[in-house]
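Engineer: Before we start, here is the structure in question, set down as structure tokens.
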């Protein structure tokens with residue numbers, strides 16, 4: 001076997017670290033996966049131990065190589081994709097984190113966001129394409145600097161480094177040599193100007209973050225450096241970085257304007273390619289960098305739903321309605337409909353197009369005849385309804401009418417949910433042969449940088465359809481259900497107020 005036959009993708013997710021080896025055809029050759037602990041120190045707070053993230057990530061990388069029956073010397077490159085916005089600060093001298101990582105789902109900075117909203121929201125939105133929300137990294141960085149004893153002074157002296165998870169992985173992979181991020185991850189911090197492609201002094205001033213902690217922003221596809229000697233058995237080029245949702249968009253080959261994908265993971269994330277135009281949203285969507293190749297930025301509109309597949313975990317762990325996540329489809333299929341039950345899973349507030357931090361989970365339409373099967377079905381449908389609202393907003397903003405939706409992520413294997421998604425959208429929903437599109441996108445980014453794949457055309461030709469779900473619902477029925485859904489959402493909104501939250 002000649003060397004450099006494969007690409008290794010590191011996929012650092014919210015609940016697990018994974019690694020996948022891909023070949024030239026984009027087929028998976030070996031996989032490693034390990035869950036890690038979620039820490040919930042207070043209501044609304046979510047943290048990860050960054051050392052555990054690193055140890056599980058390097059562990060699964062070795063596992064994937066061994067499962068593929070190859071060595072590090074067989075790799076052409078490594079690509080990295082990561083849970084976005086999750087925020088970490090470490091000591092440059094020791095490489096030790098000064099606190100647990102604050103996860104994207106964490107709401108501790110919501111009151112701070114409210115306090116600066118009137119004065120700064122417009123500036124932040126115009127420059128970053130984001131809404132002012134606790135979800136993004138900037139306010140988390142400020143919280144760490146203000147709440148970890150001595151952190152701000154040490155940051156001013158240049159002793160500390162901030163990074164999203166991609167930065168932390170590259171730092172550790174290179175033995176502390178590189179402190180970098182890519183444009184997609186930088187575009188999720190509230191500190192980066194998506195129009196100039198640089199960290200922005202005005203944004204840094206608003207959020208009180210010193211420039212000295214920031215990583216260098218690089219392309220999403222270029223050779224950044226090599227893995228440290230002794231780490232994997234050979235020094236491998238690290239050549240691609242993309243935030244998970246952007247990487248999935250690339251892996252789904254949504255390479256032209258108006259192409260869109262939806263990833264059904266813990267949350268749901270829909271991105272539509274808008275090419276070189278950073279389309280400002282009038283409907284509370286995000287404008288974000290989709291990828292940056294050779295200094296050229298491609299943009300996307302993004303809508304995020306906080307609770308997607310996580311609603312199934314709640315049925316399993318919170319209500320014990322199912323024993324394992326895989327049982328939900330069979331249970332939901334035992335009834336023909338939810339019999340009018342609507343479940344709005346606003347467990348941590350609502351994302352796009354509402355951005356309501358004070359909404360809470362709500363179930364309406366329950367009668368004595370309601371069973372766990374109706375609740376299971378309502379839970380699956382809730383994911384599709386939330387995604388339909390994102391698409392509605394996207395079409396309004398972009399002026400592009402969607403022809404099809406490409407889907408991926410864990411819950412996209414649920415045929416019942418995908419059929420309902422097509423019904424409620426009124427467009428075909430298409431699942432590709434390789435549903436690990438996040439990791440595949442990272443592999444593509446890395447492979448392009450080292451010439452393993454020659455061009456984005458190569459990538460577009462690799463994408464293959466596995467199953468197509470055609471809409472089967474009448475326009476009248478669709479409108480009726482969407483009206484009912486919006487009524488249910490209205491019941492869930494503004495539930496907590498500041499004084500109670």
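The backbone N, Cα and C atoms fix where each Cβ goes, and this holds for glycine too.
From Swiss-Prot, here are the annotated features:
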type    : residues                       : note
BINDING : 14, 18, 266, 309, 410, 414     : ADP binding site
BINDING : 14, 15, 16, 266, 309, 313, 410 : ATP binding site
BINDING : 14, 84, 85, 135, 244           : sn-glycerol 3-phosphate binding site
BINDING : 84, 85, 135, 244, 245          : glycerol binding site
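Let's see these features in context: how buried, what's close, how far.
Structural biologist: The Cβ of residue 266 (ADP binding site) lies under 8 Å from the Cβ of 13, 14, 15, 307, 308, 309, 310, each of these being in the same chain and 6 or more residues away along the sequence.
In sequence order, 325 are the residues of the chain that are 6 or more apart from residue 313 (ATP binding site) and have a CB within less than 8 Å of its CB.
Classification of residue 14 (ADP binding site) by DSSP places it in coil, neither helical nor stranded.
Residue 84 (sn-glycerol 3-phosphate binding site): 27 other CB atoms within 10 A of its CB, across all protein chains.
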Engineer: Taking 84, 85, 135, 244, 245 as the record's glycerol-binding set, what's the max Cα pairwise distance in Å, rounded to a whole number?
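Structural biologist: Looking at 84, 85, 135, 244, 245 as a set, their Cα atoms extend up to 15 Å apart.
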Engineer: In angstrom units, rounded to an integer, how far apart are the Cα atoms of residue 410 (ADP binding site) and residue 85 (sn-glycerol 3-phosphate binding site)?
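Structural biologist: Here the two Cα atoms are 21 Å apart.
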Engineer: Tell me the Cα distance separating residue 244 (sn-glycerol 3-phosphate binding site) from residue 16 (ATP binding site), rounded to the nearest angstrom.
Structural biologist: 13
Engineer: Near residue 245 (glycerol binding site), which residues of its own chain have a C-beta under 8 A away, given they sit six or more steps off in sequence?
Structural biologist: 84, 263, 269, 271, 302, 438
Engineer: Mind giving me a neighbour count for residue 414 (ADP binding site)? Other Cβ atoms within 10 Å of its Cβ, every protein chain shown.
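Structural biologist: For residue 414 (ADP binding site), the 10 Å Cβ neighbour count is 21.
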Engineer: Sorted by position, what residues of the same chain at least six away from residue 244 (sn-glycerol 3-phosphate binding site) have a C-beta under 8 A from it?
Structural biologist: 11, 13, 81, 82, 83, 84, 263, 265, 269, 438
